[in-house]
Amino acid sequence: MLMNFGGSYDAYINNFQGTFLAEWMLDHPSVPYIAGVMYLILVLYVPKSIMASQPPLNLRAANIVWNLFLTLFSMCGAYYTVPYLVKAFMNPEIVMAASGIKLDANTSPIITHSGFYTTTCALADSFYFNGDVGFWVALFALSKIPEMIDTAFLVFQKKPVIFLHWYHHLTVMLFCWFAYVQKISSGLWFASMNYSVHSIMYLYYFVCACGHRRLVRPFAPIITFVQIFQMVVGTIVVCYTYTVKHVLGRSCTVTDFSLHTGLVMYVSYLLLFSQLFYRSYLSPRDKASIPHVAAEIKKKE
């Protein structure tokens, strides 16, 4: 049975066509908005109304299962996307040949013939949108809606939901939905980074949920630092693609929507995470009042 499942799974993801999913998402733009409204109700209304007079629910078992699932899910996503990103980065000629992009012979090779250019600007459906990598990039875009269940655990256990937590969940969910529909080339960077960071982050949450918080607590600032580094790289990717497309006027498969919203998101995340890191681990005044909150928040990329 396992062999049959494995064979069916391999056959499905190897023949996956992201275009069909993108068309469905394009035809259903109300889905992320409805999810967003319901999420805001969960964050802003439920704690002050439904849960105000209720005791916190004991969701430890469910929380353990949930974090274990997201850990394994993120590891699988990283397993498929990260090696492919590295391969495309180290062998840009393969991506350029498949993309069909015609380059000006006088253009600096540092700008438009490098691995960074090919992995951020030279989209080829056969590389990023279809097949096994395309399948996990698609799951990345879709997973941002169910990942908001993170917040439900906090709300129904009557734990605080800080602004960074729900702001990040909400904006990433909306961005991923519409950026996927627009087939932005830099999406592989975002998916690879997010899967990688989440593999570590949800593993931390899983161990904490199992009752071993003290064991992994020293890793909390490291996790937050890695998240900050993710935001730095994301900001660099967005700024680079903007420069290539609008300053140099070269071909780059990104949209103005993804450039503008991506820049606002990554810069705001960078500022908020940096502030959180400082208040949690560097500021003597706030260390006691915000104990290890940086790695406790259910956030992400």
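Backbone N, Cα and C define each Cβ position, glycine as well.
Per Swiss-Prot, the features are:
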- 31-51: transmembrane segment (TRANSMEM)
- 64-84: transmembrane segment (TRANSMEM)
- 122-142: transmembrane segment (TRANSMEM)
- 161-181: transmembrane segment (TRANSMEM)
- 165-169: motif 'HxxHH motif' (MOTIF)
- His168: active site, nucleophile (ACT_SITE)
- 187-207: transmembrane segment (TRANSMEM)
- 219-239: transmembrane segment (TRANSMEM)
- 257-277: transmembrane segment (TRANSMEM)
Next item on the list: Starting from the Cβ of the residue listed as 'active site, nucleophile', draw a 10 Å sphere and report how many other Cβ atoms land inside it.
Entry: 22
Check: When you check the transmembrane segment (31-51) against the transmembrane segment (257-277), do you get at least 3 Cβ pairs under 8 Å, counting only pairs 6 or more apart in sequence?
Finding: no
Notebook entry, point to check: For the transmembrane segment (187-207), which stretch among 64-84, 122-142, 161-181, 219-239 has the most Cβ pairs under 8 A?
Noted result: 64-84
Next item on the list: Quick one: average pLDDT across the motif 'HxxHH motif' (165-169), no decimals.
Entry: 97
